[in-house]
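Structure, as structure tokens:
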Amino acid sequence: MLKLYDTDIESRLLLGTARYPSPEILRQAVLASRTGIVTVSLRREMAGGRTGGAFFSMIRDLGVRVLPNTAGCHTAREAVLTAHMAREVFATDWIKLEVIGHHDTLQPDVFELVEAARILCAEGFRVFPYTTEDLGVGERLLEAGCQVLMPWCAPIGSAMGPVNIGALRSYRAHFPEVPLIVDAGIGRPSHAAAVMELGFDAVLLNTAVAGAGDPVAMAVAFAGAVEAGRAACLAGPLEPRDMAVPSTPVIGKAVFS
Ligand SMILES: CC(=O)[C@@H](O)[C@H](O)COP(=O)(O)O
């Protein structure tokens, strides 16, 4: 079972709650995915004068753990304030920390991210930082007090899937004991299976399900892919080779001449 901070989590699929065609489809997709954790953007839902009230109570009624996020924040200060609000709204000290540094790529501002992580961990938050696959930044986040790391595999919403498999492989090898969740950029179930096969502990995704032609059916597909990838990782997949290896033994074959 996956342990995140002190909590055991059964499903290794974490789901975002934005951009669904309707709240009812979101509800059905969450149930179909069998996820145990959904992430919710405080700023997005409270933007434009909306209070987010009806949406937040629908999320609370889903019966899954809520991981509020600081999506839309661009500075450590904004992210810390948003985390405080999230703690009030959802009565949780879990926070998915996003501090965006670049408009086109939605790449994290890793300097502000580490600063916000340091402040929030010191305040007792359980921080889940959305980060790049940079090893040094990962180390700084652990020093700040994070016990989970969430490297991207591609820009948020891009659906590109793992663009730098080598970097993800190194990340896993560099932090063998840390729970690692691939967050952002996954487009297809095969992408989720691929990163799970690399040994990542879980995946978090939103757009690939919310934007699918049939989000509920896609949620089912992702649930299966994440389980398959995890099972394959535990089963010890072969490493690719440059040369052919005959699958039929040569010794003992019949000789006709
Ligand atoms: C919902 C959320 O937290 C996103 O910011 C997250 O990073 C998912 O990204 P995708 O939409 O690319 O799956």
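Quick reminder: no glycine exception, Cβ is built from N, Cα and C everywhere.
Whatever TrEMBL says is automated annotation, not expert-curated.
Keep in mind the model is a prediction, meaning the values are calculated, not measured.
For reference, TrEMBL has these:
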type: DOMAIN; residues: 4-249; note: domain 'Thiazole synthase ThiG'
type: ACT_SITE; residues: Lys96; note: active site, schiff-base intermediate with DXP
type: BINDING; residues: Gly157, Ala184, Gly185, Asn206, Thr207; note: 1-deoxy-D-xylulose 5-phosphate binding site
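Within 8 Å of the centroid of the Cβ atoms of Gly157, Ala184, Gly185, Asn206, Thr207, where the record puts 1-deoxy-D-xylulose 5-phosphate, the same chain has further Cβ atoms from Gly16, Ala154, Pro155, Ile156, Ser158, Ala159, Ile186, Leu205, Ala208. Of the recorded residues, Asn206 (1-deoxy-D-xylulose 5-phosphate binding site) and the residue listed as 'active site, schiff-base intermediate with DXP' place their C-alpha atoms 14 Å from one another.
Restricting the average to the domain 'Thiazole synthase ThiG' (4-249) gives a pLDDT of 94. DSSP assigns Lys96 (active site, schiff-base intermediate with DXP) to a strand. Of all the binding-site residues in the list Gly157, Ala184, Gly185, Thr207, the shortest Cα-Cα distance to Lys96 (active site, schiff-base intermediate with DXP) is found for Ala184.
In the structure shown, across all protein chains, Asn206 is the one of the binding-site residues Asn206, Thr207 with the greatest number of other Cβ atoms within 10 Å.
Among the binding-site residues Gly157, Gly185, the residue whose Cβ has the fewest other Cβ atoms within 10 Å is Gly157.
For Ala184 (1-deoxy-D-xylulose 5-phosphate binding site), the same-chain residues lying six or more positions away in sequence with a CB closer than 8 A to its CB are Leu106, Tyr130, Trp152, Cys153, Ala154, Pro155, Ile156, Gly157, Leu204, Leu205.
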